[in-house]
Amino acid sequence: MAPNSVVVTMEKPNHFSIVEINASDPSLFPEKRKAVSPKQFSWVLLLKAYKALTCVSWLALAFKATFISIKKRFALSKMSKEEPRSRGKLYRFIKAFLVISIVALIIEVIAHFKIWSSNLKNPWEIQGLVQWCYMAWLSFRAHYIAPLVITVSKFCTVLFLIQSLDRLVLCLGCFWIKYKKLKPEINGEAYDIEDPSSFPMVLVQIPMCNEKEVYSQSISAACQLDWPRDRLLIQVLDDSDDGNVQLLIKDEVSSWRQKGINIFYRHRLIRTGYKAGNLKSAMGCDYVRDYEFVAIFDADFQPNPDFLKQTIPHFKGNPELGLLQARWSFVNKDENLLTRLQNINLCFHFEVEQQVNGVFLNFFGFNGTAGVWRIKALEDSGGWLERTTVEDMDIAVRAHLNGWKFIFLNDVKVLCELPESYEAYKKQQHRWHSGPMQLFRLCLPAIITSKIPMWKKSNLIFFLLRKLILPFYSFTLFCIILPLTMFIPEAELPLWVICYIPIFMSFLNILPAPKSFPFLVPYLLFENTMSVTKFNAMVSGLFQLGSAYEWVVTKKTGRSSESDLLAFSERESKSSNEEKILRRHSESGLNLISKLQEQEAPRVKKRNRLYRKELALAFLLLIAAARSLLSAHGVHFYYLLFQGLSFLVVGLDLIGEQFPGNQLSMELVYSTDRS
């Protein structure tokens, strides 16, 4: 009979009795008193020992692999160009905070094991000078430090709630657009295909700088745009300072000119103003005056042949329309963890932010590429200015102040590439978050004194402040205050601040990319990890520090989608005498690239970088996690632990590692191409 069983005895249908038998009574179960054999006991011990050894060996192997990886990173690391700046005020502040937290952790461990508590009220209960100092610190902490930390945390929490409410409203607007199936419609009649003169004059500009890996893709894609050739002009605006790259681009342009494409190559000897100066110089050409619209594509963007036919007709019958922005699509979104997390952010940006603002406000930030401007709108707004590193956002704000309307086309997608290394992504994010702060300082007086309605002024100001609110509260609240509260329990943050709302907002952010749901937690951790870069950029832009006006071209790898590579290999397998316009590559460009590659020196093995601010924050959060164990903070401990590990992964430059499966598939495609 089983232990703790119940016996039911039924004499009649309506009469039964229940007897509960307790297995702890040995008199009821004499067979239970039978001794276990030594052989069985030995097997049990052996099984437990085997499980313990297996667990220990697995932990040892994991620790060894981690240690070897970290050691390799340190051995192969090199000082980045940002190293002198990493020793600035922010880095020194984090280091000081880290040293104080280590000392505080040691004291708290001693106090925990010696059971020092603030409940000791009588002086004779305090033993020794060290305990007296600790008790004095507890009193000082509760009366002076905790109120200050609570005030700052409440301020950051208010900013967090404002940002969360903004995201929620945008998501509701997106749901409404999907429910009502709202999208921009073409008002005017279609252009007469048989009459090319009915098509407007369109200028296509491709600004680039030392982008050897991707120039041929964008040029060939632009040359294949389906538009009457006598109504289309392509400008390749090359700011490269590498002579070999200039020769490659010139050869590519000349090969397309020989095929009848109206394309020009422009090179500036003095590279001032970066991209804004390049575009401004190109718009000063005399032949541009005959053109009505200008489409802009960065060097890694590859528009479909029907791009102009999907976008230009929206301007017909809509004279107030100044800008039409298309959506970005990414060839390498599944390349590694970093590109997957970027894809989540950008899908939300286009699907929710750009689309909602375009439908309900007729205003959003120009993305700098994959868009079509009415040239008159550019001229009325003052043209391209070189005063910030976000010339696209600058011209959008000024055009909106002049009454021009914008349209976002979520269905029109342009293929491009995401940064695959953390170094490239970090520099890109620094520019994207430093520039808006520069623009905020410059445009705030113009916004306040403008004649637009008050609600538009408020929307414009909040549009610019978004880049300030997010990095400020994210870095201050989750990277500074949260670990600080582990040593100041009086100011402990509630669970809904560190867990419930962030997870819910991350869930909303990931909705436009439903295939990325398995990356929900990594996305949340990575966004907080990037807050140190964004905060640093925000401060440098707001106070015009040295790195605020730095412009670094985002490094490209020149990846094409798998379908593009297979299609290219099929075209190459056909007769070489057949002349066809290739979409992604030109034969002369490939030949010239191969010749230059033969002359180049052997490739140097990639040396990984170490990011000191991220590593310092990693150790700070891990120390705070250790402190939370003493207070038995479950959720706080796990959050600090995983957030610290995410900072450690980023600090060791492990975030951009390529998945072996993706690398193998790309190698197979390239091998097919070579064969």
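All positions are counted from 1 along the displayed chain.
Glycine residues also receive a Cβ, built from the backbone N, Cα and C atoms like all the rest.
Residues or ranges marked as domain 'Glycosyltransferase 2-like' in TrEMBL: 294-501.
Taken from TrEMBL, the feature transmembrane segment applies to 49-70 (among others).
Per TrEMBL, transmembrane segment is recorded for 90-113 (among others).
As annotated by TrEMBL, transmembrane segment applies to 144-162 (among others).
Sequence annotations record features per position, and here TrEMBL assigns transmembrane segment to 460-487 (among others).
Look at TrEMBL and you will find 493-511 (among others) tagged as transmembrane segment.
TrEMBL lists 615-632 (among others) with the feature transmembrane segment.
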Task: Looking only at the domain 'Glycosyltransferase 2-like' (294-501), report the model's average pLDDT.
output: 93
- prompt: Is the transmembrane segment (615-632) packed against any residues at least 6 beyond its ends, judged by a Cβ distance under 8 Å, and which are they?
  reply: 91, 94-95, 97-98, 101-102, 104-105, 108-109, 112, 479, 482-484, 486-487, 489, 532, 640-641, 643-645, 647-648, 651-652
For the transmembrane segment (460-487), sequence-distant contacts whose Cβ falls under 8 Å of one of its Cβ atoms, 6 or more beyond its ends: 97, 101, 104-105, 108, 149, 152-153, 156-157, 159-160, 162-163, 166, 363, 365, 397, 400-401, 432-433, 436-437, 439-440, 443-444, 447, 452, 493, 497-498, 527-528, 531-532, 534-535, 537-538, 542, 617, 620-621, 623-625, 627-628, 631, 633, 636, 639-640, 643
